[in-house]
Each structure stands twice: as C-alpha cells, then as structure tokens.
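Chemist: Sharing a structure with you now.
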C-alpha cells in the first residue's frame, strides 16, 4: 500500500473543503498519494445526494449545503471530529462495501480501545451507535475508483441542531457524543486515534 498523507485542516468552512475534495479527486493521477483530511466545520447542514427536503424541519438560519455524498441530511459543527478519506480504492483493491465496513470498524475499535465504550452498528442505518444513540455519521462517494467524504464523530459539541432535522432521514433519532461519557473529550485526540485505527485496519485488509 502507498503512504497515506495526513493533513490537519483545522476549522474550515464546509463548502471550501468540499470544493477542495472535488478538485483533488478529479486531478489526482495513478501515482497520487492517498490522503486523510482532519477538519472541524462551523455550523452547517449537509444534504446527501438523495436527501429529502422534508427531513430539514427548521434550519434556524444554519446554512444548508447540497453535496454528492451518500445518505440524507446531517449536521456538522464545532466540537465534531470530521475525517475525510481521499483514497484510490481501486489501487488498494478495496471495494466500496469493504471501505464502509472499515470506516465503521475503525470507530468501534477506537471507542473501545481509548474510552472503553462498546459501540455498535445498526443494519440498514449506517453509522456508529452507543446504546442505540448515534455517535458517528458517515457518508462517502466513490467516483472512478476514488473515494472522498468520510465520517463525523460527535466529540464535544452542541447537539441541539440535530433536533432541527431528521438525522440521516430518521425521525426522532437520538444523538450522543463522546463528552457524554468522557468530559475531557478532545477532537484532535479523537482524530488522531481514529486515523491510527483506520490505517491499521486498511493495511491489514490488503
């Protein structure tokens, strides 16, 4: 496997990072290194390519951005650890389903290893849950064997805006965050811990 370059973008507007992902993916060559971007976004709702407007109950003036990722509407905001995967999955001999399961399993492993939290998935409702409350959302896009978008892990944030929508298209879905279980939850640590688990799983799968 080629080296994966890791870049910490800090706090960035969603639209800027989305445009950068599109440009990176469209201009990369077979020799381009894979990258993982670590980022935090100001408050924004993002609507997946099959997202339904009725799942946004009241935006409360929070911006809404249409994207080309999978899934329905979700919320990003300060205190949420976001990780984007810009990978050549064809070169890595990694199918779309395997990528999704690796993204999910890395989060489950991280929560267990570093925080002693037993997380799980729910069939038909992608994401990571603790006691059936969603702690992480994921949405990916694969174009010509190249992936972008990623996972958002609720870490230490205001969860209120999730009540303004039907998260991921599910009415009444309860959300949680790492700070509910670990008061000193820090997004930088979560991003590094998650990335380490993801890369380990990725290397073991190819």
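Positions of Cβ are set from backbone N, Cα and C atoms, glycine also.
Feature table excerpt (Swiss-Prot):
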- 168: active site, acyl-thioester intermediate (ACT_SITE)
- 69, 70, 71, 72, 73, 74, 75, 76, 137, 138, 139, 150, 151, 152: substrate binding site (BINDING)
- 30-206: domain 'BPL/LPL catalytic' (DOMAIN)
- 134: site 'Lowers pKa of active site Cys' (SITE)
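Just tell me what is around each of these and how deep it sits.
Modeler: Counting every protein chain shown, the number of other Cβ atoms lying within 10 Å of the Cβ of residue 168 (active site, acyl-thioester intermediate) is 21.
Cβ neighbour count for residue 75 (substrate binding site): 25 (other Cβ atoms within 10 Å of its Cβ, all protein chains included).
Counting every protein chain shown, the Cβ of residue 134 (site 'Lowers pKa of active site Cys') has 23 other Cβ atoms within 10 Å. DSSP assigns residue 134 (site 'Lowers pKa of active site Cys') to a strand segment in the three-state reduction.
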Chemist: For residue 168 (active site, acyl-thioester intermediate), what is the secondary structure by DSSP, using just helix, strand and coil?
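Modeler: Helix, per DSSP.
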Chemist: The domain 'BPL/LPL catalytic' (30-206): mean pLDDT?
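Modeler: It averages 93.
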Chemist: Taking just the CA atoms, what is the gap between residue 151 (substrate binding site) and residue 168 (active site, acyl-thioester intermediate) in Å?
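Modeler: Distance between the two Cα atoms comes out at 13 Å.
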Chemist: Look up residue 151 (substrate binding site) in the DSSP assignment and report helix, strand or coil.
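Modeler: SS state of residue 151 (substrate binding site) = strand.
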Chemist: Among the binding-site residues 69, 73, 75, whose Cα is within 10 A of the Cα of residue 168 (active site, acyl-thioester intermediate)?
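Modeler: Correct set: 73, 75.
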Chemist: Between residue 134 (site 'Lowers pKa of active site Cys') and residue 71 (substrate binding site), what C-alpha distance do you get in Å?
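Modeler: Rounded to a whole number, the Cα-Cα distance is 15 Å.
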